[in-house]
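Before any comments, here is the structure.
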Amino acid sequence: MRQWMVLFKKEWTESLRNFKWLWLPIVFIVLGVMQPITSYYFADIIENFGGLPEGAVMDIPLPTGAEVLAGTLGQFSQIGFLVLVLAFMGTVATEKTSGTHIMVLVKPVSYSSYLTAKWVHILMLTLGSYVIGFSAAVYYTFLLIDQVPMSHVLSGALVYAVWISFVMTLVLCLSALFNSSALVAFGSLGTALLLSILSMYVPELMMWSPGMLSSHSYSLFFVGEADEGFWLSMGATVALMVVMMVSTILLFNKKELAKDSGA
């Protein structure tokens with residue numbers, strides 16, 4: 001455990017050095033407040049900058065609070081995921097390319113400790129930024145738009161946090177298996193996009209999919225209940241994260257041992 005804490009402290013020190021602990025929450029705060037503020041002032045924006053004929057009157061009803069929160073998660077799924085992947089795609093790949101990971105692994109450090117320390121660090125920083133950004137969205141939604149039952153807000157936010165955790169687990173695993181950061185970014189974003197699209201257009205075939213979790217979170221915002229197949233999707237997502245981590249540790253171990261024997 002002491003060995004693991006040393007590795008975790010190393011990861012945290014690195015994030016302090018490159019200010020990820022600062023700019024990632026700021027990005028999510030900006031994304032979080034954009035949706036309620038633009039929704040509230042949308043009619044004024046269109047009226048002043050939309051090039052409407054003189055005398056035209058815009059009568060656009062305000063969206064509900066649930067719609068605004070769902071839109072906020074949509075922003076997180078697009079811009080937020082892109083920022084997170086760019087921030088963490090080189091977590092292991094960059095160290096392998098530069099060879100700095102060897103300096104750590106030559107010591108009596110297990111591969112599982114090396115990877116799980118990075119995994120926990122990524123999830124803590126990612127979910128912390130998400131919580132801060134979504135809290136800002138909830139505050140401005142309640143202030144400007146409409147109230148949403150807090151039980152709906154918390155349950156929907158928690159379900160979406162599992163979806164974020166799945167995507168970031170995938171980023172780490174691909175980073176550990178491939179040396180190209182571009183390949184890691186393409187693979188993780190492409191997989192998340194594919195799962196989301198398939199879950200949207202063929203939900204009856206994708207009830208198990210992690211991509212269904214965002215839909216379940218929207219449903220929780222609106223009616224306080226998840227859609228059919230929620231527990232199947234949740235269980236499959238958690239199981240896939242465990243399988244990905246265990247498989248990555250074993251494959252990473254095998255690749256590093258093969259390098260050592262080849263040397």
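Placed from the backbone N, Cα and C atoms, the Cβ positions cover glycine too.
What TrEMBL records for this protein:
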- 21-43: transmembrane segment (TRANSMEM)
- 68-93: transmembrane segment (TRANSMEM)
- 122-145: transmembrane segment (TRANSMEM)
- 157-178: transmembrane segment (TRANSMEM)
- 183-202: transmembrane segment (TRANSMEM)
- 230-252: transmembrane segment (TRANSMEM)
Return the stretch with the most CB pairs under 8 A relative to the transmembrane segment (157-178), choosing among 21-43, 68-93, 122-145. 68-93
Using a Cβ cut-off of under 8 Å, list the residues of the same chain at least 6 residues beyond the transmembrane segment (68-93) that approach it. 20, 24, 27-28, 31-32, 34-36, 39, 101, 115, 118, 122, 126, 130, 133-134, 137-138, 141, 145-146, 148, 153, 156, 160, 164, 167-168, 171-172, 174-176, 178-181, 184-185, 188-189, 192, 196, 214, 217-218, 221-222, 252
